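**Q** Pasting in a structure now, in C-alpha cells, and then I'll have a few things to ask.
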Amino acid sequence: MSLELLLLLVLLGMATGFYSGLLGTGGNVILIPAFDMLFMKYAIESQEAVKFIIAHSLAITVFNGLFVSYRQLRIRNFHYKETLWIGVPAALVGFCLSEVVKNAQWYNKLYFDILFAFLVLLVSIRFLFYRNIGSESYEKTKSSKPKSAFAAVGILTGATTAMSGFGGGIIVIPALADLFKMAIRKASSISIGVITLLATAVSLSYLNVFSTTVIDVILPNQFGYISLSLVAPISLGILFGAPLGVKVAQKASANSLRIVFGMVMGALCLKMVFGLL
C-alpha cells in the first residue's frame with residue numbers, strides 16, 4: 001500500500017468520524033461511495049464488489065460506533081433500554097440476511113446502487129422538507145409505543161443494513177424522531193448504539209467466522225471479505241474526527257443537524273444517480 005493511499009484512508013476516517021459524531025450515524029454514506037471507487041482500483045468484479053463494500057463499510061462502523069458511543073456515555077447521553085430493544089432484533093436479522101446476500105448470485109452492483117440511491121433520496125427529502133422533525137420540544141413528550149414497535153424498527157433496520165451497507169441511522173433516526181417523538185439528540189444517541197450492535201453482527205458474517213466458503217484473497221491482510229490494511233487507517237482517522245463531531249453536535253441546533261444530514265444525503269443521491277446513467 002502506497003503512502004498516498006494510506007494518508008487518504010486516514011483522511012477518509014477523519015471525515016467519517018466527524019460526520020458520525022455530529023449526526024449519530026455510522027458514517028456509511030461517506031464510506032460506501034469511497035469504497036466503491038477504491039475497489040474499482042483493485043478491479044474487483046461487480047457482484048463481489050457489493051460484498052466487499054458492505055463488509056468494509058460495516059467493519060469500520062463497529063470501531064466508529066464503539067468510539068462515538070463511548071463519547072455519548074461520557075456526556076451522559078446514552079440510552080441502554082431503547083438501544084437494546086432495537087439493536088438486538090436488528091443484529092439478528094442483519095446477520096441472517098447477510099449470510100443470504102453473501103451467497104446470493106442475483107444481488108449484483110446494479111441492484112445495490114439502485115437501493116443506495118433510493119434510500120439516500122428518501123431520507124434527504126424527509127430531513128430537508130419536514131421542518132418540525134426531531135425538534136427539542138419533543139424532549140418532554142413521553143412515548144407510548146410498545147416494545148414491539150422498537151423491535152419492528154430493529155427488524156427493518158437490520159434488513160436494510162444487510163442489503164445496503166448502511167449502518168442503520170437512515171432508518172432509526174427518522175423512526176424515533178417521527179414515530180416516537182424523540183428529540184433528535186436522543187434519537188442520534190440511540191441510533192449509534194444500535195448501529196454498533198448491528199455492524200458487529202454483520203461483520204462477523206463477512207469475516208466468514210461461521211462459514212466454510214472459500215473466498216478469493218484480493219486485498220492485503222484480508223480475512224473473509226475484510227482487509228485489515230484498509231480498516232485500520234480509516235479507524236485511526238475516526239479516533240480523531242469523532243470527538244470533534246460529538247462536540248460540535250452538542251452546540252448545534254436540531255434544525256442545523258437535520259439540514260446537514262439531508263444535504264449530504266442529497267449530494268450522495270445525485271452522485272449515485274449519475275453513476276447509474
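Quick reminder: no glycine exception, Cβ is built from N, Cα and C everywhere.
Quick paste of what TrEMBL says about this protein:
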type     : residues : note
TRANSMEM : 6-31     : transmembrane segment
TRANSMEM : 52-71    : transmembrane segment
TRANSMEM : 83-101   : transmembrane segment
TRANSMEM : 110-129  : transmembrane segment
TRANSMEM : 149-177  : transmembrane segment
TRANSMEM : 189-211  : transmembrane segment
TRANSMEM : 223-245  : transmembrane segment
TRANSMEM : 257-276  : transmembrane segment
**Q** In the same chain, which residue numbers or ranges, 6 or more beyond the ends of the transmembrane segment (52-71), come under 8 angstroms Cβ to Cβ?
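**A** That would be 13, 16-17, 20-21, 24, 26-28, 31-32, 35-36, 39, 44, 78, 98, 101, 112, 161-162, 164-167, 192-193, 195-196, 198-200, 202-203, 206-207, 218-219, 224-227, 230-231, 234-235, 238-239, 242-243, 245-246.
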**Q** With a Cβ cut-off under 8 Å, give me the same-chain residues at least six positions beyond the ends of the transmembrane segment (6-31) that come close to it.
**A** 56-58, 60-61, 64-65, 67-68, 71, 120, 165-170, 173, 185, 187-189, 191-192, 195, 199, 230, 233-249, 252, 257, 260-261, 264-265, 268
**Q** Do any residues of this chain, six or more beyond the ends of the transmembrane segment (149-177), have a C-beta under 8 angstroms from a C-beta of it, and if so which?
**A** 23-29, 31-32, 53-54, 57-58, 61, 65, 82, 85-95, 97-98, 100-101, 107, 112, 115-116, 119-120, 123, 126-127, 133-134, 138, 183-184, 186-188, 190-192, 194-195, 198-199, 201-202, 261
